[in-house]
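If you look up Swiss-Prot, you'll see 33-197 marked as domain 'FAD-binding PCMH-type', on the strength of sequence analysis. Look at Swiss-Prot and you will find Arg176, Glu296 tagged as active site. The active site, proton donor annotation in Swiss-Prot covers Ser226.
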Amino acid sequence: MINKDIYQALQQLIPNEKIKVDEPLKRYTYTKTGGNADFYITPTKNVEVQAVVKYAYQNEIPVTYLGNGSNIIIREGGIRGIVISLLSLDHIEVSDDAIIAGSGAAIIDVSRVARDYALTGLEFACGIPGSIGGAVYMNAGAYGGEVKDCIDYALCVNEQGSLVKLTTKELELDYRNSIIQKEHLVVLEAAFTLAPGKMTEIQAKMDDLTERRESKQPLEYPSCGSVFQRPPGHFAGKLIQDSNLQGHRIGGVEVSTKHAGFMVNVDNGTATDYENLIHYVQKTVKEKFGIELNREVRIIGEHPKES
């Protein structure tokens, strides 16, 4: 049952066209799975995010944030409370050797803007399918580069709706981790300090990384990206491959035969299929090698109700 009081309160804080009720979230995830959100809002201004977060905090209403849904699994039971999509906070500005980008801007697009201005440092991100907010949240990286290498600061909002500006040091960026996760903050925008370079060399590096990515990753299927973090001294994909799990399927989801670190939706798979396959892979690798595989992908939402 959707709470009409919450709906009416949201209408006072944000234009009605930015509010959706009982919205299917599978429309917004790379896996094409997920239940409905009680309220799904799409703010276009930082102050709108702040206002909604402050209202939710004061009224003890849970808030969930979504970027472009590339490294997340949403259960079929959906998400209660308010889901805030940050995708419309997608501005990208260039000033000298710095780029400021909104949380919803695709990090791929930001890397391309950097190239167009002959700025080097974001080439590693040319194939990462996440948003700026998600990239900072998990210190995204690929092919030897990571957000930590070039970020200057992040402007965030806390659980009370107040703005917090964090420097690189204050962000405590580590392998797939940050203070943002620990303090339950959300990124509104981030600034990156880059270096002058040659556009032809930057493009050549991006072309090389794109070719490597396309040749190794199962981009032809819906997926949640890299499922597991890299265990110290090992590669998750190699452990899964050596456990003979490539091609193993539960429901409509299988361990990719192209890259064992990915799970792909090959036949109308569900979030439950993903979650069950993840647990099975973790259990199998643990039994065979004694190594715990920790998830890189986030799993959120409620389990579906049993019929």
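Here the Cβ of each residue, glycine as well, is placed from N, Cα and C on the backbone.
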Segment confidence, the domain 'FAD-binding PCMH-type' (33-197), expressed as mean pLDDT: 97
Around the Cβ of Arg176 (active site), the count of other Cβ atoms that are within 10 Å: 19
Cβ-Cβ neighbours of Glu296 (active site) (radius 10 Å): 19
Other C-beta atoms that fall within 10 angstroms of the C-beta of the residue listed as 'active site, proton donor': 22
Glu296 (active site) - helix vs strand vs coil (DSSP): coil
Where Arg176 (active site) falls in three-state DSSP terms: coil
